[in-house]
Amino acid sequence: MPLSYPHFRKLLLLDDEAGPLEEELPRLADEGLNRRVAEDLNLQLPNVSIPWTHKVGNFTGLYSSTVPTFNPDWLTPSFPDIHLHQDLIHKCEQFVGPLTKNELRRLKLVMPSRFFPKVTKYFPMEKGIKPYYPDNVVNHYFKTRHYLHTLWKAGILYKRESTRSASFCGSPYSWEQELQHGSTSINDSKGHGTESLCTQSSGILSRPSAGSSIQGKFQQSRLGLQQKQGQLANGKQGRSGRIRSWVHTPTRWPVGVESTGTGCAYNIASRSASCFHQSAVREKTNPSLSTSKRHSSTGHAVELHSVPPGSVRSEGKGSVFSCWWLQFRDTEPCSDYCLSHIINLLEDWGPCYEHGQHHIRTPRTPARVTGGVFLVDKNPHNTTESRLVVDFSQFSRGNTRVSWPKFAVPNLQSLTNLLSSNLSWLSLDVSAAFYHLPLHPAAMPHLLVGSCGLSRYVARLSSTSRIHDHQHGTMQNLHNSCSRNLYVSLLLLFQTLGRKLHLYSHPIILGFRKIPMGVGLSPFLLAQFTSAICSVVRRAFPHCLAFSYMDDLVLGAKSVQHLESLYTAVTNFLLSVGIHLNTSKTKRWGYTLNFMGYVIGSWGSLPQDHIVQKLKDCFRKLPVNRPIDWKVCQRIVGLLGFAAPFTQCGYPALMPLYACITAKQAFVFSPTYKAFLCQQYMNLYPVARQRPGLCQVFADATPTGWGLAIGHQRMRGTFVAPLPIHTAELLAACFARSRSGAKLIGTDNSVVLSRKYTSFPWLLGCAANWILRGTSFVYVPSALNPADDPSRGRLGLYRPLLRLPFQPTTGRTSLYAASPSVPSHLPDRVHFASPLHVAWRPP
């Protein structure tokens, strides 16, 4: 007969009417009993032939992704002037006095942040914006492009101008100026009103005035290039800027000039009123030319290309309009849904390209992307705004993956010890926290996003408009992209974006100037940064508490008035160093703090209500006697594991599920096991703060017997059969707790000290977790353990009781930015008897 839930409860000693613990508990360590119970509860992981269940409630397997919904009314969030001040360290020192070396080290990590991947794979520009919403391709393209443009305008992205230069908006940092040394500019020596392009010292090139015209000739430069006589740009180009090119060494070509090896001089075919657009025809005629940035009507950063003589069309002979968008203007509409109807709505569509306020040199950056982007809801509670998801997962995959640095995440007990108090709390919201931390420009070529332009994007997604070589550039080919869907989408977008449609329809490559969210390095850097800032705040206000995890900052003070004045001072300090706070989202919690999914009060911590609700939903939908895919089990265990410390039996209760996931087997919930878990999770107990104290109760065991020292009293007992030493020590600790009721027990066993009971026989682990819940352990060496003699059967000998103080730990999540010291480097030669040599294992 299967084991019923009441019997199972009784077996686990969860009921009060159980017999004496010393007799009942050792039984749970019996292998035979554990095996029989596992068989009864169907925990044996048989190979199931019934088809697996791949969805339980909202939980799906990791490989069956939920289909996200596209919202055509998504708003792009604004990124106000986010600029972390470069003299951050100086300002912190003014605020609190000299910084500790740990604070300094952490702040230097992010000023600027650096990123060194082992290998970077470059993908074609078509993969820049992921076709994540097949029914809203065009809409998603423009919304994403608008989001990227917003980020660039906010100084969060660089725009690739040419292979070795980029432009950006916002305030420059000193390391962005240092990138150009001793460079000269090819300039007309007469310099009619045109200022020199770049001085010797500064690497930032300020924008030239819009009216500056291209000078007629180049003088003989260090390269010995002689420009042909005559105007570079034809007369039609009224608002042209200046052709700019940087020369680094006498042997190197100017940046952006790509030599084809044909030995021809430059042919600079400047197009009228629009842009210099290298379309697929250029790749077809000469594959050695890489696709590259295009030239704008304002001509601010013209890239010079050497084009083979055969492929040059002179302006006189029927020039082809090279801007795909504006080409429609002079064509006959092909249908009612021809794009030319939209293009003719406006006379002035604005420039093809925009340029930043500052120019810098960058390492060689190809016209490729290293990660795709798409939009999703900002969060489950805010579906009106969008969030940009950047997929740089290439750096976390394969043999060349980057192993990201590890950092301390506060565990539940440490967090409770730290924050469970009678303080009054508030939490601060840092807006776009990741985008505060600057990246060194050398990282830009590794973190590229962008889009290939609307024409290529649409062509790639629609099967009708395949580009054939022979008809490239013909009207037939141009109108291939016209379709009702595209027409309707663009017409709707025109109402919100206006002339920006033209700008966004051009290709663009952008590199990150601040740390992106999709790289494993970013959480580490953010955690280091906020913990250092909190450490500074904490030292400035020693009577208050400031704590952070990632971008979540909390402040605590004794009274509400005190908290408000602290809030004002801290806010002013954070704003003064350039940290942008969203003051409308400041939450005042009173005496119970909501943080990291927990509710923390003076009584301890519990999961937040929304998590309790998720647990209820999970159990309501959990099927019985049906094999559930192990990937779904992973999701279920993720939720249950979060709340496990608040249940009677804790993690050991989930061990059968963990075992099935490890074995990659389906798991079948028996009615009894489900009822057991359900009962566990419907009654949650707070995790209380550990209190300091003196240890008065000691436990010890040998494989055959156990001994206790409770104050001046000694006890001993024997086991029916010899047990593994860890099991015996765990039983002794349970007896000590049940006999004395002490919250503080001394033991010499490291496994018991760790309070992880998942490796013990399953039933014993569950029961011990409940008995020892809320108990703190102190390590006592065997030689000094007063319970050592009783465990060996000697009751007459009395060792003096130790005075063992217990101090609750806050783990590595200290309030101050302290971290373990880095071990000093050993000399190259290692002495043979050294522990380093002995402990070494082959990699």
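Along the chain as shown, residues are numbered 1 onward.
In case you wondered, yes, glycine gets a Cβ from its N, Cα and C as well.
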Same Mg(2+) site as D551, D552 according to Swiss-Prot: which of D429, D629, D700?
D429
Listed in sequence order, residues with CB under 8 A of D552 (Mg(2+) binding site) and six or more positions away:
S427, F595, M596
Whose Cβ lies within 8 Å of the mean position of the Cβ atoms of D429, D551, D552, the Mg(2+) site, other than those residues?
S427, L428, V430, A433, S548, M550, L553
Using a Cβ cut-off under 8 Å and a sequence separation of 6 or more, which residues in the same chain sit near D551 (Mg(2+) binding site)?
D429, V430, A433, F434, L526, T530
